[in-house]
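Single-structure report; data block below.
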């Protein structure tokens, strides 16, 4: 069946902001779907609230709406655009839930919109646990024994039937949000209460425990003629009980016999047929009991998922692209496989001659109070994938690509320590983020495969592989460097050992080891990912390294530029940097360069095989980058686009003779090194908060007295504000130094005077060495002290006088020219009274670049990439700042709901995982829409609770007056209430938590409060008011921890509920007029 001609326009729903469980894999699938459908001549309309995505670029769709993905908003877009069809399978759980809402509210029927890719019944049958259970029984497949509950009474009835331990999962939530494993009644009641609260349908599925079972996934694609292919089988290294997003996974499955594989294969096809997936990809998850071989179906997702992004990158088969074409009527045999240049049809199952390993990346160091144990609720924030010819090689490559300070199976424990064995037993039994390293330590401690298997049920095949690597390490330790001959070196490199790990074992520097390896003539070769195990020749350069005979890299002699990506997502370094890398590749390709991308993150658009001319799916480490440079000999390498990851390599690459283009590593160092930076600030007569760099406790206390409290303290060279704190007195400083000196490994600690109540600004600029153009000035809504990645910001600024803005422009230009920036630069400034302070300068791409580009209609990342390659801003015709005639607000999105026990207060350490954008004619409208996009429900009336620190008291009267005019009643704690009364306003007093009951938390628990403004100062007051914020989060009450955000909310509420939807393309056209 060729494509349908009865539909002309298709609406695609995106996934919204990046949250744990739903990351940039949906940008990758959505971008592919847009491309695939436009190629076929359809008009594509896209809705996504996340400005940091490639899919929201104005060139990706015919009409782009950066608007909240809520059915009310989408209904307005449908009314305006009148699409014929809606494709809901590309935007994760967010898009599916929104599509079901549109169906239920009658919007699709009213405007005659057909759902394609999956219909409402299919989605419901797969997502609704009881319907799914019945469907599986009808085709003779078992599901775990389970029951469904809509209340605590029903939950207890199910428990009687199943017993402990049991697994609890809320319906229609994603990444296992709200679920968990209960071993006793107390835990059971706590998890059920949380789950009922978080499930949009107030429904729980309670399963028998399958903990310790083996877990497998099948990625299946099916068309409407019932052609089915298995793209890839995936095996979880961690047994059941750990969410698949937090498991180490391996593709293809390693421990299945051929017969077992065929059984799973047939079962997964039967599942798709029964559920009715006719057009596109699904993943089906199975559990198998290692003792009895009993098989159960755990779940299926009738959409493109995290696993399908992994399967696409692992095999080279573009699932999302194919799924989009199937949704408009094609069948698999009609589509050709792009990777083999059309030599094979899409109905050929990929076959692979290598092993892929995915490791999750966690961010527990950001959330001190979080429970770091892995359960059925997803907690990882990113992932890394590696390709090798054996499991050992791909595992070791993934370990070093993770960027957690290891270069392989580094030891975690000092085994001579008396406590070490009990720590080891605990870490092996209860899964945590570092279990694989403890498994290696267990072998070092002399434990056997059987003993370890008995503790954690990890398949013995995997354990034997790790044991073998540990044996090799023990052997190398006894040798000197000269004793490693060519044969041994070759054997070790084939097993994936990094130069850095071998150097550590032998006791030499990494550089010495590399020189020795090169002398022995041991170099990697590069193989291609081609979907057909090299059966057909392929022109697609999607490459990975291994140590074998034949090299398939086949480099050209064209002018090449290499872009280093950002590695795995983490808090502080996410999709924004990937966006910049993609834009650099697109711009330089257009200009005739051959572009080479190096990255190891399977979720992103940068690792799509057609983003750049050549893709090396490799860890972004010194060794791996140098080997690629040796083969490709690029004319230039870009390090300023991938966040901190490539920047850390800049000096070493430069020393090895790699041509780094753009801002020089020395200039980057001048901005990052405090003492050199200070000299520059003084030379330009600019202001900086008084500061000092200290190397001991005594020195710190003396310096603090001179600078004056409060202080911002932090280790030098960090991204995302890791281990930053604000201290208000000497005992707090002493406590910080005791805890933080470990963070800084003898590197100094920085003290800055904290600018209390200052307004912060972010400025992005592009410089070509002679001219500087300001991209935008953004005003932060939260005042200084909140990390810039966590603060909401407004473009253009909503309350900065023009003369201050002009002064800031001048300062930024001076610094750019002084540093000799070539490319992008970001400056953070603070305004206290009339004084402008320079907080920091980053001569690289910053996380605001995508947001700014969407606001001003110009891609800064593309312009800066061309500047790095030698063009001037005049040649590029970008010579003056574009100031939009509308307001845009960027708001951060946080993962606090996933981490019970963590305080949802904002501070100098970054905690957000993603962002949304709201656009409006006024600041209030834009702010209101950004809140909506971040799934924050703004109250329209009720009772507002206010309690603020002394510094904020002068501002409280205006906020209280606004709220009363908007119809709120005010309650406040004694000190704040006194001020509000003094202004002649009506207020009710309420006790602080420390003052006895009934207190404010009682009011929150009784749902008597609808809005909370709670600001704090110092460690004690933060601790005292913790329960206010945590309860507000659990009861979904809008809570802000800064007075400035309180003022912004009043603006948003004045705007009211009526919001207009705006096409990005129209906004940009208005700027050019």
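From the backbone N, Cα and C atoms, a Cβ is placed for every residue, glycine too.
Per Swiss-Prot, the feature region 'Carboxyphosphate synthetic domain' maps to 1-403; the stated evidence is sequence analysis. Residues or ranges marked as ATP 1 binding site by Swiss-Prot: 129, 169, 175, 176, 208, 210, 215, 241, 242, 243, 285, 299. Under the heading Mg(2+) 1 binding site, Swiss-Prot lists 285, 299. Swiss-Prot lists 285, 299 with the feature Mn(2+) 1 binding site. According to Swiss-Prot, the feature Mg(2+) 2 binding site maps to 299, 301, an assignment based on sequence analysis. The feature Mn(2+) 2 binding site is assigned by Swiss-Prot to 299, 301. Summarising the annotation, Swiss-Prot assigns region 'Oligomerization domain' to 404-553 and lists sequence analysis as the type of evidence. What Swiss-Prot records for 554-935 is region 'Carbamoyl phosphate synthetic domain'. Residues or ranges marked as ATP 2 binding site by Swiss-Prot: 714, 753, 755, 760, 785, 786, 787, 788, 828, 840. Residues or ranges marked as Mg(2+) 3 binding site in Swiss-Prot: 828, 840. Swiss-Prot lists 828, 840 with the feature Mn(2+) 3 binding site. The annotation Mg(2+) 4 binding site is assigned in Swiss-Prot to 840, 842 on the grounds of sequence analysis. Residues or ranges marked as Mn(2+) 4 binding site by Swiss-Prot on the basis of sequence analysis: 840, 842. Sequence annotations record features per position, and here Swiss-Prot assigns region 'Allosteric domain' to 936-1073.
Positions of the features from Swiss-Prot, shown on the structure.
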residue: 208; record: ATP 1 binding site; contacts (Cβ under 8 Å, 6+ apart): 144, 145, 146, 162, 163, 166, 167
residue: 242; record: ATP 1 binding site; contacts (Cβ under 8 Å, 6+ apart): 236, 374, 375, 376, 431
residue: 285; record: ATP 1 binding site; contacts (Cβ under 8 Å, 6+ apart): 215, 216, 217, 244, 297, 298, 299, 300
residue: 301; record: Mg(2+) 2 binding site; contacts (Cβ under 8 Å, 6+ apart): 126, 282, 283, 307
residue: 785; record: ATP 2 binding site; contacts (Cβ under 8 Å, 6+ apart): 712, 726, 754, 756, 907, 908
residue: 828; record: ATP 2 binding site; contacts (Cβ under 8 Å, 6+ apart): 760, 761, 762, 763, 788, 838, 839, 840, 841
residue: 842; record: Mg(2+) 4 binding site; contacts (Cβ under 8 Å, 6+ apart): 671, 825, 826, 827
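Counting only the Cα atoms, the space from residue 787 (ATP 2 binding site) to residue 129 (ATP 1 binding site) is about 41 angstrom. In this record, ATP 2 is bound by 714, 753, 755, 760, 785, 786, 787, 788, 828, 840; the longest C-alpha to C-alpha distance in that set is 18 Å. Counting residue by residue with DSSP, the region 'Oligomerization domain' (404-553) contains 76 helix, 12 strand, 62 coil. Looking just at the region 'Carboxyphosphate synthetic domain' (1-403), the mean pLDDT is 91. With respect to their backbone Cα atoms, residue 755 (ATP 2 binding site) and residue 129 (ATP 1 binding site) stand 53 Å from each other.
Residue 714 (ATP 2 binding site) and residue 129 (ATP 1 binding site) are 48 Å apart (CA-CA, integer value).
Counting other C-beta atoms within 10 Å of each candidate's C-beta, the binding-site residues 215, 299, 840 are led by 215. Helix, strand and coil content of the region 'Allosteric domain' (936-1073), in residues and according to DSSP, is 72 helix, 22 strand, 44 coil. According to DSSP, residue 785 (ATP 2 binding site) sits in a coil region rather than a helix or strand. Neighbour count (other Cβ atoms within 10 Å of the Cβ, all protein chains): 20 for residue 755 (ATP 2 binding site). In the three-state DSSP scheme, residue 129 (ATP 1 binding site) falls into the helix class.
Within 10 Å of the C-beta of residue 787 (ATP 2 binding site) we count 21 further C-beta atoms, all protein chains included.
In the three-state DSSP reading, residue 208 (ATP 1 binding site) counts as strand.
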